[in-house]
C-alpha cells in the first residue's frame, strides 16, 4: 500500500473528557483511501469513543478532525453520513423484524412521485437490494425476507453493502467480527477486502489480532486513551501487536501457558 | 483465518423453498382474517334469523366496529412505532366535553369549537410524545398519568361551570353548521331511499316516517373509519414515513444511526392517536347531541386489544393497519352479535379475554416464522 496520496481522514490529538473521566488523551490517526486501517485495543482502551468522535456521535473536547483535507466538525451522525463517513455497529446495524429491502433503504428511501404525493418505490428498492446482495454473495429468498432470518455475518454484510451503495468514502466497522463464528468471520473479512478494493477507506475496530492481520494494511493500537503507535503491514508481528494491546508482560506469561492461542 | 474465500454464488442448500400457501399465510393480518371468518361463520349459523344481517342489524354492528376502527388505527400505528397510549379513552371524554363547553356553554359556533378542540387534543398528544421522547420514560407510565389528568379535567370542568357532568343541546347548536355534518351527517341517503322503495331493505310500515327506509344512509362515522384505515395503511406500507414508523419501533437506536428522525416519528404518532380519539369523540357527540364525563371509559384497552388481534406486536416494529381494522370488526360483530343472539352480555368479556389470548399466541407463532427465531 502506497501512502503517498493524501489521507481522507486525519484525526489529530483527539481528546475527549466525560466529566472528570478522560476517555481519550490525545489520539492521532490517519486513514487513507483504499486501505484497511485496523484500530486495536483492549476493552476500555477508548476505541468506541474514538470512532464515535469520527462518526459525529461525540464532539471531541480537544483536537482536530480533517476530512478530505478540510477541517471538519460534525454535530450529529447524519452530517458525517452525508459527508461520506458511514458506521456499521456490531448489533445495531439492522432491524430484525423488517425486510432486507426495507432495512437496506432505511433512512434513504427511494421515492416515486404520484401527482403531488410521494410513495416508497418498493420495486426499485427490491431490485437494488437483490442485486447488491448477489454481489456480496448472499442468496435471499426474496427482498421481503426479514433480516431476523439472516445470520450475524450476513447482517454485517448487508449493513456494509448498504453503506457502500449510499456512497460511503470512509467505512467504520465497530467490532464486526466479535460475535461471529469462523465461517461468518471469513465472509465478513472477505467483504471488507472487496470494499477496500473499491477505493473506500475502511476503519476496522477489533480486539482480535488474527482478524486484523487477515485484512489490515495498517494497525494502530490504543491503550488507556492514547495511541501506542501505528505500524504498516509487514513491519509488525501478531505477537508484537498482541503485546502492545495488552500493554504488558502478564500477557506474555499467560500466552506461554496457553500455548499461544489467545 | 487467512484463507479468506470468495463467497460462493450457488444456491444455499440450507434454504428450504417454502410453499406459496405458507408464504401467503405468514403475514400480520393472519389472526385477523382467521378471526373474522370464524366470527361471521358462527353468527351466520347461530344468529342468522335474529335480525343481525338485515339492514338495521348490519348498520348496528358496522357502526360499533367503525368506532373501534377509528381508535384502533391510531393505536396500531403508535404501537408499531414502539409506544402505547393509555390516554385514548380519557382523550375521547375530554375532547367531547371540550366541544360541548365551547359550543354550548361559551356559545361559540360549532365549527370553531371542533377546530379548537382538535388543535387542543393534538397538542396534548404532542405533549405526551415530547415527554416520552425527552425523558425516556416508558410511554405506558406517561400516558397512564394523562389517563387520570384528562379524565379529571373532563369531570372537573362541567362540574364547576354547569354543575352537572353531562352537557346536552349540541344538536341545536350544530343546526346549519358547515363542519358538524362532516362528523354527524349521513351520506348515500338517496341510495338508501331507492333501496327502500325497491324493497331491498326494510322501510317503516307506519308512523310519521312511513315509507322511509329504516336505515337512512351511511353515517360519517363509518366513512371516517374507512378513510382512516385507508390512510393509515397507505402511509404505513407505501411511504417513506411508514418505513420510519417500522424502524422507530423495531429498534430506535439502529434507526437513529441510519438517520431516521425517531423522535419526530414518535411524537407525530402520539399526535395522530390523539387526532383519532378526537374524531371518535366528535362523531359521538354529534350523534348523541351531548357530551358526558364518562365517555370513552376503557376505550384505550379495547383499541389495544383490536390492534393485537390484528397482529401487531406489543413490543413494536411489526403490525398492520388492515389487521387492526379486522380486529375492530371482530370486536364490533361479537359485541353486537351476542346481543342479537340473546347471549348474556357479560359473556362478551369472557370472549374478549379468550380471543386476546389466542391472538397473542398465534401472533407469536407467526412472528417466529417471519424472523426465523427458534
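Including glycine, each Cβ sits where the backbone N, Cα and C put it.
Where the annotation comes from TrEMBL, it is an automatic prediction and has not been curated.
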Range among B:111-131, B:174-194 that TrEMBL annotates as transmembrane segment:
B:111-131
Transmembrane segment range according to TrEMBL, out of B:86-104, B:238-256:
B:86-104
Under a Cβ pair cut-off of under 8 Å, which of the recorded stretches B:86-104, B:214-236, B:301-334 contacts the transmembrane segment (B:267-289) most often?
B:86-104
Contact ranking winner - B:30-48, B:214-236, B:346-366 against the transmembrane segment (B:301-334), Cβ under 8 Å:
B:30-48
Can you work out which residues elsewhere in the same chain, 6+ from the ends of the transmembrane segment (B:111-131), have a Cβ less than 8 Å from its Cβ atoms?
83, 85, 87, 91, 94-95, 98-99, 102-103, 137, 139, 142-143, 146, 150, 177-180, 183, 266-275, 277-278, 281-282
Candidates B:60-80, B:86-104, B:346-366; stretch with most C-beta pairs under 8 Å toward the transmembrane segment (B:214-236):
B:60-80
Top partner of the transmembrane segment (B:86-104) among B:30-48, B:60-80, B:137-157 - counted as Cβ pairs under 8 Å:
B:137-157
